[in-house]
Each structure stands twice: as structure tokens, then as C-alpha cells.
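Reviewing the structure listed below.
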């Protein structure tokens, strides 16, 4: 038996359909060599190791696919989206299973949309656009058809994919590839980025899994919160990436500004987030910035309400004059 996944992976596509341990079995009538080992270097860190050609972009061989996917190395280096590598590999080296040998499984539309949302602004900045060949519109929606997404992959025993320096499966998640673009905590940045949460926290642990890093922090103070509840205790900050950006050091105390995943009630520490060594002065600044931001929001709301009221007044005055006449 030749498995098309790493570590007994299970794929959970639309509805309640669960494909049992994605393995290529030798069955009567099955075409020989329908699945082949993934040989695309960028995709060897992902949790499947069997693919099928031609892929979704009509490359007949992996050699052709390697040449084509290499154009995205620069974009991947910006860490513009934690979903970009998964999406690209699902297109260029689609997962192959015994159940779906006749047609490679496509990535879900939502995965494409998240990757595009994060990375298209960078492409536009350099006068490029999101490739038509990677259009999201034609991809299947999770609850209406079979598709693959990071959330739909679990191990057979429920464990994550451990990162092991001696394990070639995790190449590409190496920290030496990580280049974090520093983001300074300024009022302009705070207003522009509209962070969901701001906390004072001490870093307790950095957990490194294959293609995923999580920071475990002890929350000391909550300066701003949104929809996800933040307890005054140890919480996880999820990167959904093999890189920890911004970088954190264990036992250091930071002011952290980031975003949230409302659907899964997670706090995110992703590209564009801020982590600066805690200083009381900085904490006071952030509180002032937040008050200004709230005040600006209230003024905008009051102004639009006032404009609406003013637009109604002439009508009422006109009616009253007509009544007097």
C-alpha cells in the first residue's frame, strides 16, 4: 500500500464526507501510476506526498509545473497570506487519492479568496494583477462539492504534523527562510491597520509545528478587544505560517497588536501585526490613539446623522409654511 498523505492524513471535504486514510491501493481496474510522488520542492512541506498530472493548470509533467510555480517564490517570500503556499500547491501539485484518481481535487474557493485578498495588493503595487489562471470564481465552495482546504486536513490520530529537522517533509518551513518586515507602533500605523486586539503579554513558549508556528503568551493587560474573548491567562497566538512575524523571544514582555479569526475564536499574529517590547509609555500612547480612533468614529457617525437630519429639515419647514399659508 502506498499512501498519498503524510502521517495518516484524513481529508474532510464537503458536508460529512470523510475519505478514509488517503492511500493509493492496488485495485483491479485502477490505472497504473495514476498517482505519483510530489517532486515540486516548494510543495514538499505540505501534508500530502502524492499528486497527479496533468494538474489544474494543464501542466503535463511536474518538471513543467516546477518551472511555472517558481515565479511565485518572491510573492511567497513576502508572507502576504498564510494560505498562498497551500493554494498554489493544491493547484500545481494537487492531492491524489484512490477515491479521486479520475480528477484531481481542487482547492476550495475560500482558500483562493484568502490568498488573493492578502497578496493581490502586493501584485498591484508592482503593476501586476492576480493571474487569470488562478481565478477563484470557478473553484468549488466547501459545502457544495469536494474540495481541499487547510482546515479540512487532520491526522488520523488528531495530532499535528511535528516539525523535525531530520524529517525532509518539513523543508520550506525552516526559520532561515523567514524574513519579517518590521512594523513600527505609530499612530498612523494604528489608525491605518485597525487592529482587532491589543494586549500586554509575556511570551511563555514558541511552539513550532510543520509549516505552523504558535506563540503561547500570558496576557497581563487587555488594551483593546473585539469579537474574540481574551481571557487574562495563557492564550495562543496563531500564525498559520512557518514563520513567526513579528518575532518574539521567550520570557520577554511585549505590546502586541494583531487580528482575529472570529469563526474559530482565535487571536492571530500575522504579517502586519506589531510586537514591541513593553514600556509603560508605549502602553499609554496606544490608549490615547485608541481614544482618538473611537472619537473619530463617533464624529463620523454624528456627522452623517446630522447631514441626514439637515436634509429632512427643509421638507418640514416647507410643510409648516404651507400650513400657515
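Glycine is no exception: its Cβ is also placed from the backbone N, Cα and C atoms.
What Swiss-Prot records for 1-32 is signal peptide, and it gives sequence analysis as the kind of evidence. Annotated domain 'FZ' per Swiss-Prot: 33-150, in sequence order. Residues annotated as N-linked glycosylation site in Swiss-Prot, with sequence analysis given as evidence: 49, 299. Annotation source Swiss-Prot lists domain 'NTR' at 178-298. Marked as compositional bias 'Low complexity' by Swiss-Prot: 300-312. Residues or ranges marked as compositional bias 'Polar residues' in Swiss-Prot: 313-325.
In the predicted structure, the domain 'NTR' (178-298) carries a mean pLDDT of 89. Cβ contacts within 10 Å of residue 49 (N-linked glycosylation site), excluding its own Cβ and spanning all protein chains shown: 22.
Under the three-state DSSP scheme, residue 49 (N-linked glycosylation site) falls in the coil class. With DSSP classes pooled into helix, strand and coil, the tally for the domain 'NTR' (178-298) is 26 helix, 47 strand, 48 coil. Helix first, then strand, then coil: DSSP counts for the domain 'FZ' (33-150) stand at 52 helix, 7 strand, 59 coil.
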